[in-house]
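Now, the feature entries from TrEMBL:
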TRANSMEM  59-81  transmembrane segment
TRANSMEM  109-129  transmembrane segment
TRANSMEM  141-160  transmembrane segment
TRANSMEM  181-201  transmembrane segment
TRANSMEM  240-263  transmembrane segment
TRANSMEM  293-314  transmembrane segment
TRANSMEM  326-346  transmembrane segment
TRANSMEM  358-376  transmembrane segment
TRANSMEM  382-405  transmembrane segment
TRANSMEM  425-452  transmembrane segment
TRANSMEM  472-491  transmembrane segment
Amino acid sequence: MAETSADTLVTHNTEELNCGTAKDDGGVSHTQKGIPLSRKLCYAIGGAPYQMTANAKGFFMQIFLLDVVQMDAFYVSLILFMGRAWDAISDPLVGYVVSKSSRTRIGKLIPWLVFTMPFGVLTYIMLWFTPKDTMSPAFSFTWYFTMCCLFDTFMSCYHVPYSSLNMFLGGDQKDRDSATGYRMGVEMFGTLAGAAIQGQIVGVYHAKKAQACSQMNLTGDLLPNQTLPLTDTLQNTRRAYVIAAVILGALYFLCCLVLFLGVKEQLAPLSTLDRIRIPYLTGMKMVVKHSPYVRLVFGFLFASLAFQMAQGNFALFCTHAAGLGAYFQHLVLILLTAATLSVPLWQTLLVKLGKKTTIFIGLSVYVPTLVIIASVQSNLPVYIIMSILAGSSLASLYLLPWSMLPDVVDDFKIKNPNSKDLEPIFYSCYVFFNKFGGGLSVGISTMALHFAGYKPGACRHNASVITTLRVLFAPVPIVLLLVGMVMFYFYPINEARRLQIKEELRKATTGENDLTVNDARL
């Protein structure tokens, strides 16, 4: 009899200790143990599609529409700005719809990634496809604007739930920071892979055009704003863009498959992964009134705007202002390789110095880099060195703000314990400002080139176009970056506050577990 009672007591105690590890009917685990390495890696791999496609668009979309499709700069500016504006607007909407969705047998967030992936792959390929050799301005604008909006919508349905998934991997702040480090390492590798695939496939044909323009210039046959005739080289260039898109689309599919097979959603402290209970506008007001979030978002916005403006004009700057059109794809590859290799460095500094200090160090490197690149012409060794430094700074922008966002969400939870399951709104608004900044940068850049007299497909441009490219590549991004750094300076969550949040979350989680055990006993 005593033996049976002892066995019963042991069983009861074991059930109490493991009450947070069982799965509910939604297929979501409640464990708060550390995150296994395999789950971190699978989660990280899932972030590669967004970065591969976004950076391929960021580096090559402008020059593709201007010099390959040969669309007027005014229409290009409309597509790039309005497409990004739509992309930005769709993120908060997708975030709210995701918050309102119910859990399924495979979770709440993961189904969004899986079921929108095929449409994202298809529209990405169509985005780089040229339907006809010669298109009317109206048809060309309609085709590329439609494909751009469709792809961005499906990518939002993938990236917003994926970003929110960081809060539902299990573990504590340290575990999530580690998972974010793995994610950013893989994402930087994704940008490298995207630029390498796209750049090396299409760069050969851009180099041939640059060589043809150079030969015409040497013979004295080249006039300002003169374009090359429609040749087989242009047709091959268009075909190369489609081939690159198909390869990136296949990688998109494989990464999504790895994420689906390797990651299971875990309940986070003070979250239920259930349908959001409050109206959309109420939730948005609560999010945007949270002071640490606002300062972090605007710091990220201006810093991202600076990087994206320089990135979007890099190909045109190298081609038309620096005289290195035959090498820009290699410089992009060097820049992104340096960014990928720099992620562990910033992760180490993040742990030793804190997130706020590290982001100031990382962003500061970018300013002298832009100044030197804009001041030097046709000096490949200098450009290689500056591309390495720019890539290193870019890695800090990728890693630090995304590592700081979970701290802001945790701070909000502590201050608003009754407002649960708002994580998708936090992440979607964060992505919104990043994309809006990108759309604003490329829209303003291309419109400025239009008014400066940029002629699509031209081998040689007038002095006002070259001056505009120089201004857009260095002075404007530097000013924007300095504004972003001021915003980060006033960001209130330092290391002391972060440790305090961690302790408060631990107490809140322990209290919830105690209530769960008491309810079970009753």
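Heads up, the Cβ atoms here are built off N, Cα and C, so glycines get one too.
Automatic prediction, not curation, is the source of TrEMBL annotations.
Remember, it's a predicted structure, so these values are computed and weren't measured experimentally.
Residues of the same chain lying 6 or more positions beyond the ends of the transmembrane segment (425-452) and with a Cβ under 8 Å from any Cβ of it are 58, 61-62, 66, 72-74, 76-78, 80-85, 87-89, 91-96, 98-99, 152, 156, 159-160, 163-164, 166, 276, 283-284, 287-288, 293, 297-298, 300-302, 304-305, 308-309, 312-313, 316, 405, 408-409, 412, 462, 464-465, 467-469, 472. Below 8 A, the CB atoms of the transmembrane segment (141-160) and the transmembrane segment (293-314) form no more than two pairs separated by six or more positions in the chain, fewer than 3 in all. Under the criterion of 3 or more C-beta pairs below 8 Å, with sequence separation of 6 or more, the transmembrane segment (472-491) and the transmembrane segment (293-314) qualify as touching.
Residues 40-41, 43-45, 47-53, 55-56, 59-60, 166, 240-241, 243-244, 247-248, 251, 255, 329-330, 332-333, 336-337, 339-340, 342-344, 347, 350, 395, 398-399, 402-403 of the same chain lie 6+ residues outside the transmembrane segment (181-201) yet bring a C-beta within less than 8 angstroms of a C-beta in it. Panel annotation: around the transmembrane segment (240-263), residues 38-39, 41-43, 45-46, 48-49, 52-53, 56, 60, 64, 68, 106, 110, 113-114, 117-118, 120-122, 124-125, 127-130, 158, 162, 165, 169, 190, 193-194, 197-198, 201-202, 204-205 of the same chain, lying at least six beyond its termini, place a Cβ under 8 Å from a Cβ of the stretch. Among residues of the same chain six or more beyond the transmembrane segment (59-81), those with a C-beta under 8 A of the stretch's C-beta atoms are 128, 130, 135, 137, 140-141, 144-145, 148, 195, 198-199, 202, 206, 209, 227, 234, 237-238, 241, 311-316, 319, 332, 439-440, 442-447, 449-450, 454, 456-457.
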